[in-house]
Amino acid sequence: MGCVQSTGVDDEAKARNDEIENQLKRDRVMAKNEIKMLLLGAGESGKSTVLKQMKLIHHGGYSDQEKDSYKEIIFSNTVQSMRAILDALPALDLALQPANDARRATILAVPGQIEAEVLPRDIADAIRQLWADPGLKEAVRRSREFQLNDSAVYYFNSIDRMSAPGYLPTDQDILRSRVKTTGITETTFKVGELTYKLFDVGGQRSERKKWIHCFENVTALVFLVSLSEYDQMLYEDESVNRMQEALTLFDSICNSRWFVKTSIILFLNKIDLFAEKLPARRSTYFPDFTGGDNYDAACDYLLHRFVSLNQSAATKQIYAHYTCATDTQQIKFVLSAIQDILLQLHLRECGLL
């Protein structure tokens, strides 16, 4: 009896052991088909926009129900941007035309978050008329002197469409919407047999301590820089230049002991807004830049500033791309280009190269 009982226990233990071994084998196979990337960059560099592009490119885009859910975000972004400009006027020594005083009061009386299926007519009319005011347009031209969302002008120019009956946000409306990222989000998509996992972390300073949870076993880092913010200050600390902050962050990530051999895909983002700022003097913010208003020279200069920070050039490669994260076709092209790079890195990581 004792021997039979013992054999039964042994059989159960062996079955459990075999099950664990089989699961470990399955996990190893899955790991070989999985590419993990960590998405990094300072606040408002375009990380969340890239993730939205992933959904458009690899997940079939947004359903009408999902698009409808973005209305409140888009309406709120639009009103918040107008309020930011109105609040900045006194410091800029600018004023509205007297006829717009009542419209100013209308916008300032609106709550920060708009919870409505349709943009109220009085708010839409106020935004439309204020956007035609010369003083307000001059404030937008000087937006580097205060905090203003990149999407402000786009939404102001779209106010007729956004306030029309039956409005449903377009892909471009959604791409330009802004919600501060907090915590860690994971985006997964498949290309062929490979599964890509992209981890996004909050870009603001207060969120960076959370990045450590994503550090292990990533195939590559995707680091975003907003080129257009070379003349702007941080949201959290208006004494710190945003480009200098991005350089400091890139330095700390690139040369971290966690990433000695981890390659970096560098997105030099917002090239469209960067080009619009060409008349602005870069030498004010980077005295060693001597390229004047030349776009290519400015791009090359900033690329060199980042790449030159790499202290492990022998073991770490930096792959740079100039991007406009709101341009789906361009991002699709860039993603296709880096998939080959990621595959090579992954095969090397798995010991298959």
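Using N, Cα and C of the backbone, Cβ positions are placed for all residues, glycine too.
Listed in Swiss-Prot:
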LIPID     Gly2  N-myristoyl glycine
LIPID     Cys3  S-palmitoyl cysteine
DOMAIN    33-353  domain 'G-alpha'
REGION    36-49  region 'G1 motif'
BINDING   Glu44, Ser45, Gly46, Lys47, Ser48, Thr49, Asp150, Leu175, Thr181, Gly203, Asn269, Lys270, Asp272, Ala325  GTP binding site
BINDING   Ser48, Thr181  Mg(2+) binding site
REGION    265-272  region 'G4 motif'
REGION    323-328  region 'G5 motif'
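Asn269 (GTP binding site): 28 other CB atoms within 10 A of its CB, across all protein chains. In the structure shown, across all protein chains, Asp150 is the one of the binding-site residues Asp150, Asp272 with the greatest number of other Cβ atoms within 10 Å.
In this structure, Ser48 (GTP binding site) is part of a helix by DSSP. In the three-state DSSP reading, Thr181 (GTP binding site) counts as coil.
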